[in-house]
Structure formats: structure tokens, C-alpha cells
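Q: One structure, pasted below without further comment.
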Amino acid sequence: MKQQNDTQILQFLLLGLSENTELQPLIYWLFFSMYLVTVWGNLIIILATVLDFRLHTAMYFFLCNLSFVDICLISTTIPKMLANVHLNHKAITYEGCIMQIYFFTLFVGLDNFLLAVMAYDRFVAICHPLRYTSIMTPHLCMSLVLVSWIASVLNSSLQSFLVLQLSFCTEVEIPHFFCELSMLVHLACSDTFLSDMAMNVLAALLGGGCLVGILYSYSKIVSSIQAISSAEGKYKAFSTCVSHLSVVSLFYCTLLGVYLSSAVTQNSHSTAATSLMYTVVTPMLNPFIYSLRNDNIKRALKNFVKKKLEK
């Protein structure tokens, strides 16, 4: 491992999910397939939303943004991992590692904010259906997404800046398939108090704040559904939330799993394996969760395919 001025490291080693050479071809093709499915699945959601004017509503606008962010999230980590596995090369440059941290933190934060915004959208749709169009105006929708971007950029910029202040004095091997913020901070040989404090405080404020907002929205939604007299009305109201609730549960449960796993051990492949759920699996499943349970998305896709076949 090369060093510069004995303090600034030039590169890190990403140990990946397994050091077993026999498993590398399987890992490569598995993740290559998952990457393609994720990108194409989310692109189809975006395409269906853009081409069908009936989907030009607040809910699908947020879903379109979520699909775009999921493509960016998985593209931040998986292409580099695939390149390393293919070339049998574990190194990532210092600059590349910082860039991964910045963009990964940015897009995970955006996922977090967008899920909260979508919960608010469902709250307005079910609790205030007659005022939905007057509340969820295009201006408000754009503002909510813009605020989400600004908050995420500020968060990732601060986290990356604090990492830049750290020194790495020895060979740094990261037991992960990408540069994960908390792992990198704990591998530093300089004082990590500010970085640790920023990670914990911002996770509590941003992540916890969004989760509280989601839980509050759904508490109101449940109360409103219970007030509906007919069973059919209750089912119809609840069915509009099932897809979003499934994605929220998957996202936050896997994040909790990563937190609990890292609390037990820092330098372990188990944490990397657990983080696969929200870094790869969740973005891959989101399009299927929304499209399989959403008649509007399925209709838009059928119409798109039909038009293509008729040409």
C-alpha cells in the first residue's frame, strides 16, 4: 500500500463480499444481473410515468424521482465492484473512495426524504381527498423534491468534508464491496470524534425525523381508514398505500439490520452482506413492488408495448 507524507493514503483495498476466488465468477454474474434488472426496472417506471399523461400526478412524480435516485444509488457502488471482481483488483483510489462516500450518502439520504414525502402524499390523498389537488400542487411537489435534494447535498457534503480531515497511517483494508462511511471512519488513525458525532447526530435528525414523519402520516391514515364504514372503501383506501408501505418497511428494516450488525462487529463481511439489502436488493425490488400492485402502471406499460408492436 503506497502512502504520501506518511499520513495521506493513496488508495484503499475493498475486500468485497468474499475472498474465495472460486466464488468471484458467481458474484460477478449475480451482481451484474441484479444491476441490469434494477436499472431497466426503474427506467421502465420512469418511462411509463413520463409517457402516460394520466400518471402526471403528485404520487407518480415522486415515484419517478425515487426510481431515478435508485438507479443513481446502485450505480454509485456496483460498477466499481464489478470492475474489481472482473479484473481481480481490489484497489480504489483515495479520491474515488471519497466520491463514493459523497454520492452514496447523497442518494441514501434522498431515498429517505422521498419516502417521507410519499407518505405525506398518501396522507393527504386519504385524509383530505377533496382537497388533494389543491394541496399537492405542482409547485409544492417541486418544492418538496428540491428541499430533499438540498438537505441531502448538505448532509453528504458535510460527511465527506469531515472524512477528508482524517488521516490513514497504515494499510487500509475495507471489509466491504464499497467505501462505507462508518467503516472508513473507524479505520482512521486520527481523532474521529467530529465524524462520529456528525454521523450519529445527522442520522438521528434526518433519518429519525423522516421515519417519525412516515409513522405519523400512517397513524393518521389508519385512523381515517377505520372511520370508513364500508369494507370495500377500507380496502380501496388501504390498497393505495400497500406498495409504499412495503418499500418503507423493506428500506428501514434493512437499515436497522445493518446498524445492529455493525454494532456487533465493525470489520466483518457480515455487515457488507447485510447492507446488500438496502444498497442493491431494495432498489431492485422497488419497481416490481410498485408495478405489480399498481393497475395504472401496468396499464401504461401495456399501452406502451402495444404501440411499439403496432409500428
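Cβ atoms are placed via backbone N, Cα and C, with glycine included.
Take a look at what Swiss-Prot says about it:
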type     : residues     : note
TOPO_DOM : 1-25         : topological domain 'Extracellular'
CARBOHYD : ASN5         : N-linked glycosylation site
TRANSMEM : 26-46        : transmembrane segment
TOPO_DOM : 47-57        : topological domain 'Cytoplasmic'
TRANSMEM : 58-78        : transmembrane segment
TOPO_DOM : 79-97        : topological domain 'Extracellular'
DISULFID : CYS97-CYS179 : disulfide bond
TRANSMEM : 98-118       : transmembrane segment
TOPO_DOM : 119-133      : topological domain 'Cytoplasmic'
TRANSMEM : 134-154      : transmembrane segment
CARBOHYD : ASN155       : N-linked glycosylation site
TOPO_DOM : 155-196      : topological domain 'Extracellular'
TRANSMEM : 197-217      : transmembrane segment
TOPO_DOM : 218-244      : topological domain 'Cytoplasmic'
TRANSMEM : 245-265      : transmembrane segment
TOPO_DOM : 266-271      : topological domain 'Extracellular'
TRANSMEM : 272-292      : transmembrane segment
TOPO_DOM : 293-311      : topological domain 'Cytoplasmic'
Q: Can at least 3 Cβ pairs under 8 A be found between the transmembrane segment (98-118) and the transmembrane segment (26-46), with each pair 6 or more apart in sequence?
A: no
Q: Sorry to bug you, but what's the C-alpha spacing from ASN155 (N-linked glycosylation site) to CYS179 (disulfide bond), rounded to the closest Å?
A: 17
Q: Between the Cα atoms of CYS97 (disulfide bond) and ASN155 (N-linked glycosylation site), what distance do you get, rounded to the nearest Å?
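A: Cα-Cα, rounded: 17 Å.
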Q: When you scan the chain for residues with a C-beta under 8 Å from the topological domain 'Cytoplasmic' (47-57), skipping those not six or more beyond its ends, what do you find?
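A: Sequence-remote neighbours of the topological domain 'Cytoplasmic' (47-57) are 63-64, 296-297, 299-301, 303-304.
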Q: Below 8 angstroms Cβ to Cβ, which residues of this chain, lying six or more residues outside the transmembrane segment (197-217), approach it?
A: 109, 112-113, 115-116, 119-120, 122-123, 151, 155, 158-159, 162, 181-182, 185, 248, 252, 255
Q: Could you give the number of helix, strand and coil residues in the topological domain 'Cytoplasmic' (293-311) as assigned by DSSP?
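A: Helix, strand, coil within the topological domain 'Cytoplasmic' (293-311): 16 helix, 0 strand, 3 coil.
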Q: Sort out the residues at least 6 away from either end of the topological domain 'Cytoplasmic' (119-133), same chain, that have Cβ-Cβ distances under 8 Å to it, and list them.
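A: Distant contacts of the topological domain 'Cytoplasmic' (119-133): 58-59, 62, 144, 213-214, 217-218, 220-221, 224-225, 237, 240-241, 244, 248.
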Q: Can you count helix, strand and coil residues in the topological domain 'Cytoplasmic' (119-133) using DSSP?
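A: In the topological domain 'Cytoplasmic' (119-133), the DSSP-based counts are 14 helix, 0 strand, 1 coil.
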Q: Same-chain Cβ contacts of the topological domain 'Extracellular' (79-97) under 8 Å, 6 or more residues past its ends?
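A: Beyond its ends, the topological domain 'Extracellular' (79-97) has Cβ neighbours at 8-16, 24, 27-28, 31-32, 35, 177-179, 184.
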Q: I need to check the long-range neighbours of the topological domain 'Cytoplasmic' (218-244): which residues 6 or more away from its ends have a CB within less than 8 Å of a CB in the stretch?
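A: Cβ under 8 Å, 6 or more out: 115, 118-119, 122-123, 125-127, 289-290, 293-294.
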